[in-house]
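Notes to accompany the following structure.
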């Protein structure tokens, strides 16, 4: 502000001296005429700073803008770091959940199988304690009842968990579900290319084959292997 005031005062003095010199040289304009005063006043009341002060104002504006941008960069950096930390925490929790699912995913199935084991154990104890020597019929009856109860419980557990036994007898041979053991001649009412006998049952879990059924496939008599 002091530099501007000094510059303005100096400009006024120069304008007055220039106006006086012009009046004396021309002779027809009085030094203190209204035109001279108006011109002098208009020239000397200018408040525009010189060109050499322009860069200083521009530099200050750029500095203010740079400070603002730097603060925005700092804020964005903090937000980015927080987002990265949150993402890492979510990744770790998800990985832990996946690991727990792998370990405890069959927990419900195992719990139901424990009940099957209880039935088998109780049946065995009952047969060994109550069966009289030489009474084989009673022993066999108890074994049969125990095994029947055990089979029913297993079927219930399998159905509960989506485990299904395949019964492909009479179905067309499918390499995605059946494991071919051998070929047998097609009998009466048996179509060639279909399953004639099941050696070992296959199983599906929720519609996906988890164990192929070992089967014998019927063929024409002349194609018997």
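Using the three backbone atoms N, Cα and C, a Cβ is placed for every residue, glycine included.
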Matching range for TrEMBL feature annotation, coiled coil, among 59-86, 87-114: 59-86
Of the residue ranges 33-53, 117-137, the one that TrEMBL records as region 'Disordered': 33-53
For the coiled coil (59-86), mean pLDDT (0 to 100): 92
